[in-house]
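K.L.:
Copied straight from Swiss-Prot:
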- 1-22: signal peptide (SIGNAL)
- 23-131: domain 'Bulb-type lectin' (DOMAIN)
- 51-74: disulfide bond (DISULFID)
């Protein structure tokens, strides 16, 4: 199950990288400018000109960053460290996800279930010889009773 999920994410990244920005994806280094949106099914994520990031379901507001009127000409940018930041027209940060990691390739995905999630580099993976460090992560010992599967990988989003 986890392997299929990871494969789906990897295929999505590959498709988006080759085609440019999808309607529901913002890649690291990309910016969503004022009054533009990501769209997935019934959900829309919009960065408003006055700096409010708002999620709508079927046109009805269901979440907001509560940063309305903290600037103008605002934009939403996914940084190369995975931090999602709202900047005003003077490049002042108005709001941030306050979650970041090592520099890498990240993707903000507005999913069809309405969640918006930042995906990024694998922090660790379990190979046939146990777990090994990835990106300076924690070394985790493999339980001897656990089956060995090269295809098990875990991404931790804090």
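Positions of Cβ are set from backbone N, Cα and C atoms, glycine also.
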K.L.:
List the same-chain residues at least 6 positions away in sequence whose Cβ sits under 8 Å from the Cβ of residue 74 (disulfide bond), in sequence order, or say none.
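P.N.:
Residues satisfying the criterion: 34, 47, 48, 49, 50, 51, 86, 87, 88, 89, 94.
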K.L.:
Tell me, what is the mean pLDDT of the domain 'Bulb-type lectin' (23-131)?
P.N.:
90
K.L.:
Validating a neighbour-count step here. Other CB atoms within 10 A of the CB of residue 51 (disulfide bond): how many?
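P.N.:
Its Cβ shell of radius 10 Å holds 25 other Cβ atoms.
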